[in-house]
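Here is what TrEMBL records for this protein:
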- 1-20: signal peptide (SIGNAL)
- 53-124: domain 'KH type-2' (DOMAIN)
- 249-289: region 'Disordered' (REGION)
- 249-260: compositional bias 'Basic and acidic residues' (COMPBIAS)
- 273-283: compositional bias 'Low complexity' (COMPBIAS)
Amino acid sequence: MVKWNFACVLAPLSLNVVLAVAFQPQAFLTHKMSAQISKRRKFVADGVFRAELNDFFTRELSEEGYSGCDVRVTHARTEIIIRATHTQEVLGEKGRRIRELTALVQKRFKFPENALELYAEKVQYRGLSAIAQCESLRYKLLGGLAVRRACYGVLRFVMESGAKGCEVVVSGKLRAARAKSMKFTDGFMIHSGQPAIDFVDYAVRHVMLRQGVLGIKVKIMKGWDPEGLVGPRKPLPDSVQILEPPIDKIVAEPTSEQREPAVVAQPAPPAEEPAAYAPQQELEQPDAF
């Protein structure tokens, strides 16, 4: 019992220590780790940093079609690549917006001067990005568009972009006072196993309307791409590839060859058989005197 109380006292202290160090990423997001910092605390600090960074960009860049970010750490500085559908709005006029975002992130996480750089990258295939389509559907509903029409528009655009399947779920007070869920599906979708993690892109957003809050879920099933641009490089485990049969050589025009008749050897004549034994002729009668 004493050990349990002691652990309960130490648990919040250790969590506060981890969260306190988590907001100093310059000590963690480096290749050379300090001797006083354990690997477990480093991974926790990196996860907290990325989660708060993603939440900040989701709130600030929702209208610009924010679709995620990547963090690259080098010895000289830390680079953050922001993926969005409208990169010009992220950059702002003469780069003013991106400089403001850089200053906010640098001040919040206490980066040194010139140690942080933000870049904007355009999403190449926004029809295959669940976050981009979720934000698009969110602004359609905020604009007053009917739920069914908005969802079918998202489904059609996703399937035309080359997706294998799509699923859109809208939950809440849609028309009546009673809340319900509406599901719109098209194509092929998997729900379990490791392929569901590799092939399915998933996003959730909330819409604040006058009658209440609507929840939006978008799932996009990507196809197999050997180049890795629009989908995973590995195919599904149960996929079967049928090879084409070999093509036979087709003779365009029949041809004939003139050949001399073959000489057939004549069979040898059969050997003569010996004459059969003739019976003795009757004795001739002597002449009369």
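Cβ coordinates come from backbone N, Cα and C, glycine included.
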(message) So if I exclude everything within five residues of the ends of the compositional bias 'Basic and acidic residues' (249-260), which remaining residues of that chain have a CB under 8 angstroms from its CBs? That is, six or more out.
(response) none
(message) I'd like the per-state residue tally for the compositional bias 'Basic and acidic residues' (249-260) from DSSP, helix first, then strand, then coil.
(response) 0 helix, 0 strand, 12 coil
(request) Using DSSP, break the domain 'KH type-2' (53-124) down into helix, strand and coil residues and give each count. (result) 30 helix, 22 strand, 20 coil
